[in-house]
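Trainee: Following this message is one structure expressed as structure tokens.
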Amino acid sequence: MTRIRRSPCLLLLIIWFMCIAGSVQVVQSQNQTGATTHPDEARALNSIFAAWKIQAPREWNISGELCSGAAIDASVLDSNPAYNPLIKCDCSFQNSTICRITNIKVYAIDVVGPIPPELWTLTYLTNLNLGQNVLTGSLPPAIGNLTRMQWMTFGINALSGPVPKEIGLLTDLRLLGISSNNFSGSIPDEIGRCTKLQQMYIDSSGLSGRIPLSFANLVQLEQAWIADLEVTDQIPDFIGDWTKLTTLRIIGTGLSGPIPSSFSNLTSLTELRLGDISSGSSSLDFIKDMKSLSVLVLRNNNLTGTIPSTIGEHSSLRQVDLSFNKLHGPIPASLFNLSQLTHLFLGNNTLNGSFPTQKTQSLRNVDVSYNDLSGSLPSWVSLPSLKLNLVANNFTLEGLDNRVLPGLNCLQKNFPCNRGKGIYSDFSINCGGPEKRSVTGALFEREDEDFGPASFFVSAGQRWAASSVGLFAGSSNNIYIATSQSQFVNTLDSELFQSARLSASSVRYYGLGLENGGYTVTLQFAEIQILGSTSTTWKGLGRRRFDIYVQGRLVEKDFDVRRTAGDSTVRAVQRVYKANVSENHLEVHLFWAGKGTCCIPIQGAYGPLISAVSATPDFTPTVANKPPSKGKNRTGTIVGVIVGVGLLSILAGVVMFTIRKRRKRYTDDEELLGMDVKPYIFTYSELKSATQDFDPSNKLGEGGFGPVYKGNLNDGRVVAVKLLSVGSRQGKGQFVAEIVAISSVLHRNLVKLYGCCFEGEHRMLVYEYLPNGSLDQALFGDKTLHLDWSTRYEICLGVARGLVYLHEEASVRIVHRDVKASNILLDSRLVPQISDFGLAKLYDDKKTHISTRVAGTIGYLAPEYAMRGHLTEKTDVYAFGVVALELVSGRPNSDENLEEEKKYLLEWAWNLHEKSRDIELIDDKLTDFNMEEAKRMIGIALLCTQTSHALRPPMSRVVAMLSGDVEIGDVTSKPGYVSDWRFDDTTGSSLSGFQIKDTTGYSMSLVAPGSEISPRDSDFKPMLGSKINEGR
């Protein structure tokens, strides 16, 4: 073969020809039409880019002409990442002399600020992609000008306010993306006019309410994401008419079941994700004809019935998740024979029978934890590279090699290892990281196993264990451990927070073989995957939310690590809970209920995250707290067992005798014994001893119904004993109601009830003792605490969250009626807990109450309650607003020692607001504070204290405003303060019959407690069955 020798001259000649050809192509791109950009659109685009501080690249801005180069080159696609920002033009106007801008892409380049109004003048736009920036402000009604729009996305930004109804004018729209923003208000009905929509992404948008009936018109939809939204009502039946759907996600909403039978029409689906349906049971019948499915996720939906054997006919399935339901019966063998199935999650059901004896080679991840499966395990469980979670079943493990699934014997039903014999008194785990010793000397054991989508682990010595399940949606590289090199500002154990365990669904930690008794459980967190939202990048716009259970009790709902850390990613968060171990077993469960964003900063950035778990005893341990020696002194062991059994028998007899005696003592107290939730019953002698016979030196204060004493129980716990005085007006009925109320609501921002005493004439409540006293003592007392701004803001947020729980989340709805600074207690870490439910009233959703006996404290009373006895949750909202002003100003709601215009805090706050001098309210003692947060708190306080209760926001919206998730609305009316109260001090006085006059001059006389209407008929009557004015 003849070879051609290339000379340098020849190479130069080739290069020259290439350059000429390239130049000709550029000139052609620039001049092939001779058209120019419409001058109005050129000015508009230049203004937009100037406002966003970005420039038009030379590739489509040749010689200053916008519609040139790549902007008119059909070979350059919008999706090409090399061209960003990018516009596209249509130069066919006015005999091909004028170009109109039809496409704009400004994607993921961290543009910060509002959308310039000039954008809405570009009426020839058909494609607008502004996703993954930090755009703020609202979408204006002028969006309706873009009537040619077909593909429009604002996904992953910080846009707020309502979505304008004018979006319904975009009737040619094919794609709408508004996910992962801070919008507020309801989903616009007008979107239903966009009948050509093929893709709709409204997940994590902040919208709420109902899915509009007009959405029944969206029959062209092919993809719909409706997730992480506070929407209500049942899943609409009309979704079954969206028969062109290939992808449907409805996760983490407030929608209730059952799943409509019309869903069986969705036979084109390839991906179906339904999750966290709140009520209503459904079967799996509706999936029968969905033969194109490759992803089927029906997690946490109250599914009942059996798994049909016909599921084996869905040959395209790659992932199946039916976990956290109520399915029963055997597992069909056909499910394990699906040739493309790689991930199978069946955990937390009541499936029974044996494990299928065969599986396909593709199936590498299987979760069947928390079921009733039994029998021997098949041989394939020993295959390498499998991820299996078989925890909490009834498998027979005899003959199983110890190297296969090590520790599974400890994690079968009832967790048998060391059950009935406490050998440990604590445990500490560095979740996702290596062994670390804390500054206090505690050794946090390593937990850096590759859990993957389904796994469990038991520590050496069987002191603790872990179990995790879940597959991150959309992630090609599922990572279950996060790491960081950050140094954390509020802890000496910074290294402990540089790793964290991640889970896409559920992760549990167990303490095994613990000595029975009370424990303090400490959970440590730091958000090391999602950046802080104060960063100037879209990667800081994510929100992670999950639930936390300790010993099966929900202690945190929608817990957000970063928000709790004050929006900081270098601030550690610690949560402390009390737990009782009665069967040598402790469980901490972190569960994702579909809330939070899914894809910021990466696909699959959601679900539980935790840095460390530890538990320490609240009593003096009697065990060695180390693994037992093996094979020594067998005789001693046998003797010990016999003696132990004998002693236990004697002890059991004593306990049974005591219980029977106590029950006999209380047989006449039918109300107490008939309660659904029974707190621990203390004896009078126990509490008398704990308080040193109610020694005056242990007195903490005097409440509305009697004194409160500090006490030390025999198990080492420090408590606050509320002793109801003989003269207290709180009768037996109200006492029982209070016990029921407090026992049924558990939240970190509500004071914890340990138990009660109801013995003869002695009636007492025993609470957790909070060492830092009350908020009014901290702010106004003789020995004030130094509360810096961030602490005050967290206290305000904590109180708001506690009230949200009382009003909207507790199993029984509660209006506190006496929210005030002295009823907000501070724990050792200055976390607020709302106390004193002695004035609380139980009520059903959407009920109200008119009472002639008004209970509360002057200065915190809402006008409609003080003057008319009209009680709703907005009564508490008003009082919260007053507390918020006290936190900002550092002064009580009234102070007779100040000049006239400043005597009454709320009146002074309004006067300053009218003069735009709100910041003068801020406490002079605060030398360093966040001005934006201070203004926010003042604005919220004024919203909460408006005269009309209908104008006050619900507490859930208050939390959203405090958290910065939604903007603060305008205050439209003067605060509802009541002037000319006849009193000397409003900081502690309880209302008890006096004359008041409101700002309109209306005067009335309040009925003193018990003076005209008996408590039995009025005040003590639960508000069940009456009507609430305020709808939710």
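Any Cβ shown, glycine's included, is placed from N, Cα and C.
Annotation source Swiss-Prot lists N-linked glycosylation site at ASN31, ASN61, ASN95, ASN145, ASN182, ASN265, ASN302, ASN348, ASN352, ASN394, ASN580, ASN633 (among others). Among the features that Swiss-Prot reports, phosphotyrosine is placed at TYR767, TYR865. The repeat 'LRR 2' annotation in Swiss-Prot covers 123-146. The repeat 'LRR 3' feature in Swiss-Prot is assigned to 148-170. Per Swiss-Prot, the feature repeat 'LRR 4' maps to 171-194. Positions annotated as repeat 'LRR 8' by Swiss-Prot: 315-338. Here Swiss-Prot flags 1-29 as signal peptide. According to Swiss-Prot, the feature topological domain 'Extracellular' maps to 30-636, an assignment based on sequence analysis.
Could you place the listed features in the three-dimensional structure?
Mentor: According to DSSP, ASN61 (N-linked glycosylation site) is assigned to coil rather than to any helix or strand. Within the same chain, the residues at least 6 positions away from ASN61 (N-linked glycosylation site) whose Cβ sits under 8 Å from its Cβ are SER68, GLY69, ALA71, listed in sequence order.
Residue density at ASN95 (N-linked glycosylation site): 7 other Cβ atoms are found within 10 A of its Cβ, drawing on all protein chains shown.
A C-beta separation below 8 Å, combined with a sequence spacing of at least six in one chain, links ASN145 (N-linked glycosylation site) to TRP120, THR121, THR123. In the three-state DSSP classification, ASN145 (N-linked glycosylation site) falls within a helix.
Long-range C-beta contacts of ASN182 (N-linked glycosylation site), restricted to its own chain and to partners at least six residues apart, with a cutoff below 8 Å, comprise ALA158, LEU159, SER160, GLY206, GLY964, ASP965, VAL966, GLU967.
Taken residue by residue with DSSP, ASN265 (N-linked glycosylation site) is part of a helix.
Proximity of ASN302 (N-linked glycosylation site) to non-local residues of its own chain (separation of 6 or more, Cβ distance below 8 Å) is seen for GLY257, PRO258, ILE277, SER279, GLY280, SER281, SER282, ASN325, LYS326, given in sequence order.
In the three-state DSSP reading, ASN348 (N-linked glycosylation site) counts as coil. Taking the Cβ of ASN348 (N-linked glycosylation site) as reference, residues of its chain lying under 8 Å away and at least six apart in sequence are, in sequence order, SER323, PHE324, ASN325, SER369, TYR370, ASN371, SER506.
The C-beta environment of ASN352 (N-linked glycosylation site), restricted to residues of the same chain at least 6 apart in sequence and closer than 8 Å, consists of HIS328, GLY329, PRO330, ASN371, ASP372, LEU373, SER374.
Cβ neighbours of ASN394 (N-linked glycosylation site) (same chain, under 8 Å, six or more residues apart in sequence): ASP372, LEU373, SER374, GLN412, LYS413.
Counting only residues at least six positions away in the same chain, the Cβ atoms of GLY517, GLY518, TYR519, GLN551 sit under 8 Å from the Cβ of ASN580 (N-linked glycosylation site).
Counting only residues at least six positions away in the same chain, the Cβ atoms of VAL719, ALA720, VAL721, LYS722, VAL751, LYS752, LEU753, TYR754, SER835 sit under 8 Å from the Cβ of TYR767 (phosphotyrosine). DSSP classifies TYR767 (phosphotyrosine) as strand under the three-state reduction.
DSSP assigns TYR865 (phosphotyrosine) to a helix in the three-state reduction.
Per-residue pLDDT, averaged over the repeat 'LRR 2' (123-146), rounds to 97.
Listed by sequence, the residues of this chain that lie at least six past the ends of the repeat 'LRR 3' (148-170) yet keep a Cβ under 8 A from its Cβ atoms are 102, 123-142, 176-194, 201, 205-207, 533, 538, 541, 597, 599-600, 966-967.
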Trainee: Is it possible to list how many residues within the repeat 'LRR 8' (315-338) are helical, extended or coil according to DSSP?
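Mentor: Within the repeat 'LRR 8' (315-338) the tally stands at 5 helix, 5 strand, 14 coil.
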Trainee: Could you give me three numbers for the repeat 'LRR 4' (171-194), the DSSP helix, strand and coil residue counts?
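Mentor: Summed by class, the stretch gives 5 helix, 6 strand, 13 coil.
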Trainee: Under a three-state reduction of DSSP output, how is ASN394 (N-linked glycosylation site) classified: helix, strand, or coil?
Mentor: strand
Trainee: Tell me, how many other CB atoms lie within 10 A of the CB of ASN265 (N-linked glycosylation site), whichever protein chain they belong to?
Mentor: 17
Trainee: Would you identify the secondary structure of ASN580 (N-linked glycosylation site) according to DSSP, in three states?
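Mentor: DSSP call for ASN580 (N-linked glycosylation site): strand.
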Trainee: Grab the same-chain neighbours of the repeat 'LRR 4' (171-194) for me: Cβ-Cβ under 8 Å, and only residues 6 or more beyond its ends, written as numbers and ranges.
Mentor: 126, 131, 147-165, 200-218, 225, 231, 541-542, 597, 599-600, 960, 964-967
Trainee: Cα-Cα, whole number of Å: TYR865 (phosphotyrosine) versus ASN265 (N-linked glycosylation site)?
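Mentor: Roughly 53 Å, rounded to the nearest whole number.
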Trainee: Work out how many Å separate ASN95 (N-linked glycosylation site) and ASN265 (N-linked glycosylation site) at their Cα atoms, rounded off.
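Mentor: Here the two Cα atoms lie 49 Å apart.
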